[in-house]
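Only one structure is covered here, and it is reproduced in the block below.
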Amino acid sequence: MSGFVAGEEAVKSALSAATWIGAASPKYSHLVLSRVFNIYSEYIYANGFKLTRENLIEDFGTRPEDVDPFMKIFGGPNGIATYLTALPGLLPILPHPRNIPIIVPLFCVFTVMTSLAVGLRLWSRQKVAGGIRSFDWLALAGFGLTIIYGAVSVYHSKVSGPYQAFYDRTWDQMKENYKVYLVLTIMYPFIMGLIKISLLLFYYRVATLNYVQWAVYATGSLTIANSIAAIITHCLAFMPIDFWNHFLQSPFKFNSRTPMLVFGAVYILTDVAILIIPMPMVFQLKLYPREKVIAVIAFSLGGVACVASGFRIWAIDEFQNYSGKNSSGLMIDAWTMIELNLTLICASAPAIRALAIHYAPKILSTLPSAFSSSGATRGSKSAGSSGKSKTPESEKSMQVSQSPVIPKEVV
């Protein structure tokens, strides 16, 4: 038998059986479900190849309202004994894939990187742009929630255990896994919406072109609508929402995989829009070539977050519904963590660039000194009135506010 491996359909059947048997056996919720398979088989043989309603309630702890649905799944009172005694014979050829221990390293690395990026952003806003603005506080809130998301993902990794397959876990693990994953699924659209809105508010504050402001309105409205729809959809996918306690009562109202793919695709669309919105303002600036290249790069880093969003959609498509090949959602957690952190890091890049120019102008700019927000405005006015050679106003503005024009709240 050791040379044979169960086919995909057989594996999927065993995975499904594990969830139903676990939900119907509260007395054995602490045991690995493959062991519970054997307990059922041994019990049925010892009981004259029978498994009655009373047996389930008294000896396995099945709730009375769960007995009939449980028996129906396995073919009724006659079929259930046959199925459950045959199931242990499948165990020797079932695969036992392990979870990749990637969540904790990702959490540690990105916590350090994102903390540094957000810290430098706030320092830049305070030192160069004259103070921390409302959109910076929103980004800071998004950063805090991203850290919480990562910490919950670490817990999700812990409760999932070392193995992917449901039959290699206990029902207690399964219930906690369902609970934590639902929390993560609801958290994601809220955090992503918060980060995107903070960036759009920044663009709105620095925009002078009407069509750019309208683009901000449209993208912001789409982002908010998508986030609200995602949260509501995830909450309505299960009724009651604590479906792990009502697993045999058909709590699954619809498959959330397709909506998650749609919401993810809309977020990518907004990523592209946010990437394009500042470009007209950047290209209109009369900067030295090296400075313009740096500005374009700083505002284009969001493309990296777009790529991460694409990989997250791939992970949802691959891992959201269990199959004979995959039965763990930890890769979705991993790509979501990567996407959220990269979005924050990329959103902080323009501010970090301004801070670098402020303290090291010879490295990132041909200008000999740093500027304050008030100095940039007064300098351009005096240049026009006196005719003296001055640094272009547009270049100062970019250094002060990380944008093509001086923010409205700075001047």
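Note: Cβ is positioned from N, Cα and C throughout, glycine not excepted.
The topological domain 'Extracellular' annotation in Swiss-Prot covers 1-99 (among others) and rests on a curator's inference. Residue counts of the topological domain 'Extracellular' (1-99) by helix, strand and coil are 68 helix, 2 strand, 29 coil (DSSP-based).
Under 8 Å from some Cβ of the transmembrane segment (100-120) lie the Cβ atoms of residues 139-140, 143, 146-147, 150-151, 153-154, 156-157, 330-331, 333-334, 337-338, 341, 344-345, 348-349, 351-352, 355, all in the same chain and six or more residues away from its ends. The feature transmembrane segment is assigned by Swiss-Prot to 100-120 (among others), with sequence analysis given as support.
The topological domain 'Cytoplasmic' feature in Swiss-Prot is assigned to 121-134 (among others).
Among the features that Swiss-Prot reports, transmembrane segment is placed at 135-155 (among others).
Per Swiss-Prot, the feature topological domain 'Extracellular' maps to 156-181 (among others). Confidence annotation: the topological domain 'Extracellular' (156-181) carries a mean pLDDT of 94 in the model.
Taking Cβ pairs closer than 8 Å, the transmembrane segment (182-202) reaches residues 133-136, 138-139, 141-142, 145-146, 148-149, 152-153, 156, 216, 219-220, 223-224, 226-228, 230-231, 234-235, 238, 241, 256, 260, 263, 267, 270, 274, 277, 333, 336, 339-340, 343-344, 347, 403, 407 in its own chain, all 6 or more past its ends. If you look up Swiss-Prot, you'll see 182-202 (among others) marked as transmembrane segment, on the strength of sequence analysis.
Swiss-Prot lists 203-227 (among others) with the feature topological domain 'Cytoplasmic'.
Residues annotated as transmembrane segment in Swiss-Prot, with sequence analysis given as evidence: 228-248 (among others).
Within the chain carrying the topological domain 'Extracellular' (249-262), a Cβ under 8 angstroms from the stretch's Cβ atoms is held by residues 65-66, 69, 185, 230, 233-234, 236-240, 243, 313, 316-317, 320-321, all 6 or more beyond its ends. For 249-262 (among others), the entry in Swiss-Prot reads topological domain 'Extracellular', with the evidence type a curator's inference.
Residues or ranges marked as transmembrane segment by Swiss-Prot: 263-283 (among others).
Under the heading topological domain 'Cytoplasmic', Swiss-Prot lists 284-292 (among others), citing a curator's inference as support.
Annotation comment: Swiss-Prot describes 293-313 (among others) as transmembrane segment, evidence class sequence analysis. Counting only same-chain residues 6+ beyond the ends of the transmembrane segment (293-313), those with a CB under 8 A from a CB of the stretch are 261, 264-265, 267-268, 271-272, 274-275, 278-279, 282-283, 285, 287, 332, 335-336, 338-339, 342-343, 345-347, 349-350, 352-353, 364-365, 398, 402, 404.
Taking Cβ pairs closer than 8 Å, the topological domain 'Extracellular' (314-328) reaches residues 6-12, 15, 97, 99, 160, 164-166, 255-257, 260-261, 264, 334-335 in its own chain, all 6 or more past its ends. Look at Swiss-Prot and you will find 314-328 (among others) tagged as topological domain 'Extracellular'.
Asn321 (N-linked glycosylation site) falls within neither a helix nor a strand when secondary structure is assigned with DSSP, and so counts as coil. Here Swiss-Prot flags Asn321 (among others) as N-linked glycosylation site, drawing on sequence analysis.
According to DSSP, Asn326 (N-linked glycosylation site) is assigned to coil rather than to any helix or strand. Residues or ranges marked as N-linked glycosylation site in Swiss-Prot (evidence: sequence analysis): Asn326 (among others).
Feature annotation from Swiss-Prot assigns transmembrane segment to 329-349 (among others); the stated evidence is sequence analysis. Within its own chain, the transmembrane segment (329-349) has Cβ neighbours under 8 Å at 99-100, 102-103, 106-107, 110, 113-114, 117-118, 120-121, 139, 142-143, 146, 149-150, 153, 156-157, 160, 177, 181, 184, 188, 191-192, 195-196, 198-199, 298-299, 301-302, 304-305, 308-309, 311-312, 314-316, 318-320, counting only residues six or more beyond its boundaries.
When Cβ atoms from all protein chains are considered, those within 10 Å of Asn326 (N-linked glycosylation site) total 16, not counting its own.
Under a cutoff of 8 A between CB atoms, and with a sequence separation of 6+ in the same chain, the neighbours of Asn321 (N-linked glycosylation site) are Asn255, Arg257.
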